[in-house]
Amino acid sequence: MEGLKRQKRRLAHESEESAYSSEGDEESDDSPVYDPSRQPRARGEAGGDGEREPTTRVTVPSLLDKTFDTWDAFEAYFKSYSKQTLQTYYKRSSTTLGARNKKIQANYAKAGQVSPQSELLLDQSFPHYFVCYLCTHSGTPKDRGANKRPRRNVRPIGCGVKLHVLLRREGARYYLVIWKHEGEHNHRVGKQEFDQIPKNRMCLDSDELAEVDLLRKVGVSRKKILKFIWDNTEAEPCMIDVHNLLAKLKLSENGDSSLSDRLSETLDQFYEDEPYGVAHVDIDRSGDKHALLTDERTETLRHAIKQFKPCNPAWPQIRCVIVD
């Protein structure tokens with residue numbers, strides 16, 4: 001039986017499922033809602049009579065000239081905007097503040113001049129000077145097979161939607177402005193298309209992700225973890241999303257301990273190849289030397305001590321107690 005939260009979300013989705021028409025509605029910050037059946041079919045979809053519909057054109061609300069005081073404010077607003085308008089963007093390219101300043105200084109240096117401070121952007125709270133976001137369906141598909149079984153559904157279909165964010169300066173004030181936003185998609189935009197993107201279905205915050213990781217560690221099955229996510233979060237994943245998430249968490253856990261594991265294996269192999277060898281371990285700039293012994297017999301320990309004395313002139317000051 002589905003949880004109460006999941007039932008409420010399903011009812012909300014059924015009543016508020018939205019998409020955007022291609023009739024050039026007035027642009028606004030609020031998301032328009034209308035019947036998705038009015039939306040034209042995507043490119044290549046056939047109608048009931050077998051004829052193909054024209055290419056889809058879907059226009060979304062524009063963010064052109066909208067300003068933000070911080071990057072955090074922009075990212076929070078952009079995330080909310082993308083979710084409300086059922087769009088998926090990705091960061092295509094960016095220019096850091098330092099790279100932009102270096103380019104300005106280089107241009108002045110070629111002319112034998114020093115760049116004025118008014119031309120430089122010095123507020124380090126803004127990590128980027130420029131960021132370009134593209135629709136997830138941008139680009140052209142690349143066929144890597146022999147085209148014997150062509151794919152009907154591909155992510156890149158040449159969508160031209162893009163959004164450019166630029167850092168500007170007016171006196172001592174720094175702010176972000178969206179100076180370019182092309183908002184005409186060449187594909188359908190709606191709840192069904194939005195949920196086809198895995199990252200939109202599996203949207204967990206850090207606390208929820210920690211709970212899922214804890215369930216994984218104690219051995220809870222994937223089916224129960226999926227039900228837990230449905231009942232306790234806003235995410236709507238499928239079983240394959242849970243499978244991929246658990247695999248990623250497991251890989252991350254193994255990656256954290258892989259360094260120590262590799263070090264242990266290397267040292268084990270070291271003393272097997274070189275009996276009584278000495279390994280130098282440098283931790284936080286504090287060098288320590290460890291003798292790796294093949295066994296703990298009395299003869300072995302005596303030989304190790306005998307080898308230790310010539311290499312350490314201060315050995316008479318060392319006091320060592322060996323307890324078996």
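Here the Cβ of each residue, glycine as well, is placed from N, Cα and C on the backbone.
So that you can see what the record holds, here are the features copied from TrEMBL:
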- 1-11: compositional bias 'Basic residues' (COMPBIAS)
- 23-32: compositional bias 'Acidic residues' (COMPBIAS)
- 42-55: compositional bias 'Basic and acidic residues' (COMPBIAS)
- 64-187: domain 'ZSWIM3 N-terminal' (DOMAIN)
- 290-324: domain 'ZSWIM1/3 RNaseH-like' (DOMAIN)
- 1-60: region 'Disordered' (REGION)
Counts of helix, strand and coil residues, the domain 'ZSWIM3 N-terminal' (64-187), according to DSSP: 31 helix, 39 strand, 54 coil
Stretch-averaged pLDDT - the domain 'ZSWIM1/3 RNaseH-like' (290-324): 75
